[in-house]
Each structure stands twice: as C-alpha cells, then as structure tokens.
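What Swiss-Prot says about this one:
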type	residues	note
ACT_SITE	183	active site, proton acceptor
BINDING	44, 45, 83, 113	3-methyl-2-oxobutanoate binding site
BINDING	44, 83, 115	Mg(2+) binding site
C-alpha cells in the first residue's frame, strides 16, 4: 500500500503534476507497475471500454471488485483507486459504507472514487474518511449521470453551472476528499477550481492547469481507431500494430511458415 500523503500531497500544487492511468487487467497493470506512473484508477469505464456497453451504468460492484483484484495482482506497489459503480452508494449512507468497505477489504485497493458533489455525497465522503476509507471525488461530466446530462457533453459552461461545480468542489474538499477528478469542463473553470480547492485536482478534458491528468490506458495507446474525443492525445497507435501482428500470424499459419524449427520441440 502506497502512502497517500506522499502521492497526493497538496504541497505538490504548482510544483509536481500527478499522472494517473485507468487500467482494467493484469497484463497492462504489470506494465504500469514497471513505470513511474503515480497512480492507477480502476474505472467503471470498463463497462464501455472492456465490456462494450454504451455507458458505465450496467457495471456491478462485483465486477469492479474482480477487476480491481486483477489490477492489484499486476501492480502490487502502485497506489490504486477503485470506482464505486452506479447504485452501489447512491441509495443510502449505509449502502455506501458497505460498498466502499467491501472494495477496500476484498481488493487491497488504496482508495475509492465516487461521483457527484451533493450534500448526500459530501456526508458520505466525510463518514468514509472517519472510518478510514480515502475517497477521491469526481465532478463535471460524471458518467453515472449521463442520462441527466443528455449525453457526454461539456459541463460547467454557463455561469450558474460553473458556480455550482465550484461550490461542490469546495464542499468535497472540506468533507475530506483527498483529490477530485474534473471531467470535460472548460479549461478556465478547471484552473479556477484547482486554485480554490485545497486538494489536488486530476483533469480529463479539464485543461492544463489541473494538478494532474488521467487517461484510460487503452485510449492513450490508440487501441480504438474510432475513438477520438477532443481531450484525448494518442501516444501510440496500437490498433494498427495489433492488427498488423495478427495479420502476419494468420499469413504464416496459412503458408506453413509458423511454427518453424525454432518453435517446435
């Protein structure tokens, strides 16, 4: 278990950016374990990226526990944050405590992430902190509320909505969240929130002035050739690399070139 106060220290504001990557499986987690990346998020975005659903809503707590266990095996020394999925904490404080407790006990993760900034969510964050469960907040485009937003749209564009987001960010910080993800909001709002809250902000489509950034590993590696939101920079083109490798394998099997003597007993 990594030291939360070392990795997510507010003293890093303006000094050292935090790098976070979202991962769902053992093989990629093992690679991440060999890198200097600061933290791994096991996101309920696995519902879309890994399962092929149109949203994160179908993901269950059991599925999140399974994937978080797998990622922990691959990256035993990384600071791992696990999403609590839709309806695993919104129905009551008691349900939120049970879900967060299960996640921590059964996966050996270091923290949980929950979406929203309502009074209910802030109360849950405060209680979880009191019982020893670190919580990362999530504001802006919160995918579990995608139907309320009318799709995956930039949030906080108007004066009223930006003021509301800022109030919620301050409330989350004061309730005990150790960090807040800001997703798909104007860069200027991302800067303002980062300046006004006392904890580190982690942006995804929230501009360069957040205290850190998070991207889904599959996305930054370019595994999906058709996925290109404005906030995404692809640092590789694994779609073409994987496709070329599979086509080469297919051709060598057909021709009889593989397996050769080097691959035979």
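Going from the start of the chain as shown, residues are counted 1 onward.
Each residue, glycine too, has its Cβ placed from N, Cα and C.
The shown structure was predicted, so the numbers you read here are calculated from the model rather than taken from an experiment.
Overlay of Swiss-Prot feature records on the structure.
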| residue | record | DSSP class |
| --- | --- | --- |
| 44 | 3-methyl-2-oxobutanoate binding site | coil |
| 83 | 3-methyl-2-oxobutanoate binding site | strand |
| 113 | 3-methyl-2-oxobutanoate binding site | strand |
| 183 | active site, proton acceptor | strand |
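Cβ atoms within 8 Å of the centroid of the Cβ atoms of 44, 45, 83, 113 (the 3-methyl-2-oxobutanoate site) belong to the same-chain residues 22, 41, 42, 43, 46, 56, 59, 64, 82, 84, 85, 138, 143, site residues excluded. Listed in sequence order, 41, 42, 43, 44, 45, 64, 112, 113, 114 are the same-chain residues at least 6 apart in sequence whose CB falls under 8 Å from the CB of residue 83 (3-methyl-2-oxobutanoate binding site).
All protein chains considered, the CB of residue 113 (3-methyl-2-oxobutanoate binding site) has 24 other CB atoms within 10 Å.
Around the Cβ of residue 115 (Mg(2+) binding site), the number of neighbouring Cβ atoms within 10 Å comes to 24. Taking the Cβ of the residue listed as 'active site, proton acceptor' as reference, residues of its chain lying under 8 Å away and at least six apart in sequence are, in sequence order, 138, 139, 140, 141, 142, 143, 155, 203, 204, 205, 206. Around the Cβ of residue 44 (3-methyl-2-oxobutanoate binding site), a 10 Å sphere holds 29 further Cβ atoms from the protein chains shown.
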